[in-house]
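What TrEMBL records for this protein:
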BINDING   HIS83, ASP94, HIS190  Zn(2+) 1 binding site
BINDING   ASP94, GLU129, HIS379  Zn(2+) 2 binding site
DOMAIN    212-309  domain 'Peptidase M20 dimerisation'
Amino acid sequence: MQDLRINEQRLWDTLMEMGEIGGTEKGGCNRLAGTDLDKQARDLFVSWCQAAGCDISIDKIGNIFARRPGKNNDLPAVGTGSHLDTQPTGGKFDGVFGVLSGVEVLRILHENNIETPTPMEFSVWTNEEGSRFQPAMQGSGTYVGRFDLEAELNKTDVNGIRLGDELERIGYLGDMELGSRNMGAFFEAHIEQGPILEDEKKAIGVVRLGQGIRWYNIEVIGRPSHSGTTPMHLRKDAMLASSLIVAEMQAIANRHENGLGTVGFMQVWPNSRNTIPGNVKFSADLRNPVPEVLLTMHEELVAFCEKVASDQDLEVKVDHFWYFAPVEFNASDDVKAATEKLGYSHMDIYAGAGHDACYMADLVPTGMIFTPCLNGISHNEAEYSSPAECAAGANVLLHTMLEASERIAKEHQ
Ligand SMILES: [Zn+2]
């Protein structure tokens, strides 16, 4: 068992075969959730898992679970999984690498007739990307009870098409109850999507934390008036006030270690060259791995917006509509132990993006395995991870799952 390794070439071929579904000219993937291409990718995953002896279940938000029995099938399973949907200009690895590393683990167990102490589960989560339907991590978030099922099934894309209808149309609206899988641990392998492992020349990132996120809709209400006849001191310029806040977002991020601040969306009204903007709406995104620091960043943003409102004599509304608390990955020691056993270089790291594992951590001890990706590029058709880098991540997943299965069996003796 200690010498067991995944098949690097087969894992690579599997990644490339999946990448053809929705493959783009520039070598990336466009496979949005709930589309015909999503169906093709799901069907392929299901056929691969069935060929390796799994039973398939689909839950009420379309998440797929492939179960491989173990020695004692009353014990909680060790789970792994990620997503097969991509961004419109996505790559072949984001999410897909995690799902197909699971398939490779499954195949290795199957062809070596290995009976694990507990069952093993291989999953695909619906709409992780949040591109066609919002929010991101919709399938896993609904599974763990963060979101209301009916509300999520009723979400529509830009053409008004319901997620629930699309899942039904492609044959993946199941009847299994949410949150009902008997799992004792969950692991997700994923490309880092950032430059740290590559810079530090490490093969594996042992993910300790998922960073916290605070999202805001900010609206500045000033007064539209003529740009040629309104003296500067009489203006209520919503654009000027917004610009001050945008600049402060950067300042807040820079004042705090590991702080990030972004304004990525803005609507200006009336958006006319010779009218002082009367109303500006924009997004704000603050991130930090430490909850107390993220709270301080939040308080600084709110205080600054109040100051701008009074200095500029206009109104600033701050709608803080989403808080994602930093996630601790309690099973990351299993990942570290497997990495060290296999002799891969590694470092502790935190996840900058959201992942399905962040929500699964609500229910079970969870761990994430990061692998390097070229130049840290992701959500881009140029996304790339080498066959050897993928193989290292899948080997760590294999041995992490084996160790966790043994541990769970011992705990239940
Ligand atoms: Zn992903």
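Cβ atoms here come from the backbone N, Cα and C positions, even for glycine.
Just so you know, TrEMBL annotations never went through curation; they're auto-generated.
In this view, the densest Cβ surroundings among the binding-site residues HIS190, HIS379 belong to HIS190, judged by other Cβ atoms lying within 10 Å. When other Cβ atoms within 10 Å of the Cβ of GLU129 (Zn(2+) 2 binding site) are tallied across all protein chains shown, the result is 23. Annotated Zn(2+) 2 site ASP94, GLU129, HIS379; additional same-chain residues within 8 Å of its Cβ mean position, judged by their own Cβ, are THR86, GLN87, GLY90, GLY91, GLY95, GLU128, SER131, GLN193, SER378. Of the chain residues outside the Zn(2+) 1 site list HIS83, ASP94, HIS190, SER82, PHE93, GLY95, VAL96, PHE97, GLY98, VAL99, GLU128, ILE191, HIS355 have their Cβ within 8 Å of the site's Cβ mean position.
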